[in-house]
Amino acid sequence: MKKTFIFLYCVVLFISTTLAVEMKKTQDFNLRIFDQHPKYNNNFEPENGVLTVNLVKSILNETTGIPELTTMSNLTTVNKQGRIYSPELFKYFFADNSDAPDRNNSGKNYPLDITLTMNLDDKSNYFYDNQEFFPIDGRGFDVDQQFRNYYDDESKANPKPYHNYHFCAKITNSRFTYKGFETFRFVGDDDVWVFIDRKLVVDLGGLHIAQEKTIDLTKLGLVVNKLYVIDFFYCERHTSRSTIRIETTIELQCPWYDFCGVCTGNGLSCCNVTRDCDDGNPCTIDLCPEPTAVFDLKDISANCRHQDRTPTDWSVTDKCNTGKCNVSTGIFVTNITKCIPQNSCKAEDHCDSGLGCIFKNLCTDVCSTGACVDGKCETKNSKICIDELDKGVEDKCYEYSCDPNVGCTKKPRCLQKSENYNPCLNSFCEVSTGECKNTTIPPNLCDCQCDGKLNKCQIKSCNADGSCKPLPSLEIDDKNPCTIDACDETTGVITHTLSNKCGGCSICNGVTGDCDPVDKKCDDGNRCTTEVCLLDKATNNGNCSSKPTTECDKGDVCMVYSCDTEKGCVETPRVCPSKGKCQVGKCVPGVGCKYEPRVCKADAFCLVAECDEIVGCIQFEKKCAADNGRCQAGICKNATATEEGTCESVDFDPKPFICKTAAVVSVGVAVGVAVGGAIALGVFIFAGKKGYDYWKASQGVTMATSNANPLYESNPSGGENPIYTSPN
């Protein structure tokens, strides 16, 4: 007897000091429900239909996270069979559209949240079974009595109570660690779609009586110990039944909760934008806090977000409007940009919506280049006139200058002046040096009598016979084809008048006499435009034309080239916008913007870091797959300073029914429940078998059979059970 008590003591000590791992008895999930009504969505309460597969695409949209129809035409067979009368409203089956107008077929819905609890059965399946599944009776739209007008089909002959028959529900973004044996079974009506790893695995679309589908996850090519996403979508679209049964061995995990405590929620179950976030400013868009924000719920209003509204009256590329929102009315007031000249070379002209401020160029006189230097018009000097008249090649026998009346001119360097004219000298220029030289003309050829025969515009010259031969003054012809030369015979005043043959931004070429366009005369003071002078050859008139400059673009696809109307070209690295929360934009040289998955880093071995399309990077508890997932739990141990993190397998206690064997009396069989093992044996030690029977009844411990008391069990392996007393 003494040995027996020592043995029992050791068993009690072992049980009381060993970590007990028990299968979760329940799993709670947030069911996001979207109350629908036939008034707002005619895809609800249509004619009875049939089971329709391929109604939705086989891959879940990664950005929206909801199913998409395979076709958007209501004339296709699949949509007709699936009773999708208005395909454009399908997107509101599982997405908030509570702000839609209160009119027929607006797609308006009413989001609600409930908790769905799945229980563990004796076969280690989690199940939910409800053959009268009406979770939002009297809620949503049906708070208003006028919407409570749908009853069971049998209501006339056998009156039954009202129910809310029109709603869709979803459990999305839930995770599970694949253990290698899981199954999923659904029985119910109407539409049901289940996606695992964004791939459609249960396809029970359409209006139909209860249908069944079982999925063996071992057939899906999943990898043991890898984390997967599961998304569940369900709709009830027609009277008179609403049934649902779910059975699964999948152990789901919520990756994150919103500030309302809702799994993968958006915060709208406890935050109402109108009630909680209205800042009274019509120029802002009011939003509830970020879903994963952490704060005391009484401080929701203090954590709301407010974004500035942007104008919709004009294009954001309009360079002339800098409209502001009137905080009193919420109306954007057009504010034309004032174009203020930055220097004395320009005058205000107008604002172009595509180009910005355009200024009038004041540097347009004949001796201005059209350019503005240090705030002043640049004047043509001899060098500029050489460029203009002789294409940059100086003729040393001429002097170049700009005449305010005619523009650039060149005059012979060695020409005798009329007032000192000596007809017996022949003045000429040495071309190579520009040196002036004279040769003497014989007197008989130059010294003739011209007295009284010359007017003020003539000079003395002699014929070979010595008679007078008046010649025009040498200064009358300025050798410029662009001027009209004249001399007053009474006064001797010589004038050179610029011909008006060239107009606008063109000038007359002093060498050829042609009209040449001058782009500089079109400078509009906007550094983001390229100005050209276009010559109309029929009229010899030059017209200015401005267009956005192309000089800023250097061809690097990873740089953004822009232009500031005052500063000129600006270069900034291209920022590729992210796509959703989980695709990061990256610029690849020579290619441009590409997307790559956002990398989220876990802070510990026993945390999983990944990206969620709703909130971005998240971290949550790592679930390890056990060696024998049916009978063991995977336990995660974080890394230490000396050891790496590991996953270990620990037996369930009590063991699930399928794991019990006849080889030994397991702790689970012996005790019934892990936490009560030591108590049960202690009761037996001090109270005997009858005491244990009383304890079992008082605790409500569930046993497989009426003889499940371990005190009645002999060792089937032939050994001695020290706590077994034969009934004989």
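Count begins at 1; order follows the chain as displayed.
Just so you know, glycine gets a Cβ as well, placed from its N, Cα and C.
Over in Swiss-Prot, the protein carries these features:
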DOMAIN    118-266  domain 'PA14'
CARBOHYD  Asn61  N-linked glycosylation site
CARBOHYD  Asn74  N-linked glycosylation site
CARBOHYD  Asn104  N-linked glycosylation site
CARBOHYD  Asn272  N-linked glycosylation site
CARBOHYD  Asn326  N-linked glycosylation site
CARBOHYD  Asn335  N-linked glycosylation site
CARBOHYD  Asn438  N-linked glycosylation site
CARBOHYD  Asn543  N-linked glycosylation site
CARBOHYD  Asn638  N-linked glycosylation site
SIGNAL    1-20  signal peptide
TOPO_DOM  21-666  topological domain 'Extracellular'
TOPO_DOM  688-728  topological domain 'Cytoplasmic'
TRANSMEM  667-687  transmembrane segment
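What Swiss-Prot annotates, mapped onto the structure for a quick look.
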residue: Asn61; record: N-linked glycosylation site; Cβ neighbours (10 Å): 13
residue: Asn74; record: N-linked glycosylation site; Cβ neighbours (10 Å): 13
residue: Asn104; record: N-linked glycosylation site; Cβ neighbours (10 Å): 11
residue: Asn272; record: N-linked glycosylation site; Cβ neighbours (10 Å): 13
residue: Asn326; record: N-linked glycosylation site; Cβ neighbours (10 Å): 12
residue: Asn438; record: N-linked glycosylation site; Cβ neighbours (10 Å): 13
residue: Asn543; record: N-linked glycosylation site; Cβ neighbours (10 Å): 16
residue: Asn638; record: N-linked glycosylation site; Cβ neighbours (10 Å): 13
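The separation of Asn272 (N-linked glycosylation site) from Asn326 (N-linked glycosylation site), Cα to Cα, is 25 Å. Here Asn272 (N-linked glycosylation site) is compared against the glycosylation sites Asn61, Asn74, Asn438, Asn543, Asn638, and the shortest C-alpha distance is to Asn61. Taking Cα separation as the measure, Asn61 (N-linked glycosylation site) is nearest to Asn74 of the glycosylation sites Asn74, Asn104, Asn438, Asn543. When the alpha carbons of Asn74 (N-linked glycosylation site) and Asn543 (N-linked glycosylation site) are compared, the span between them is 58 angstrom.
Across the structure, Asn638 (N-linked glycosylation site) and Asn104 (N-linked glycosylation site) place their CA atoms 57 angstrom apart. Secondary structure of the domain 'PA14' (118-266) per DSSP, as helix, strand and coil residue counts: 13 helix, 63 strand, 73 coil. In this structure, the CA atom of Asn104 (N-linked glycosylation site) is 106 Å away from the CA atom of Asn438 (N-linked glycosylation site). Mapped onto three states, the DSSP output places Asn438 (N-linked glycosylation site) in strand. Cα spacing between Asn543 (N-linked glycosylation site) and Asn438 (N-linked glycosylation site): 48 Å, rounded to the nearest whole number.
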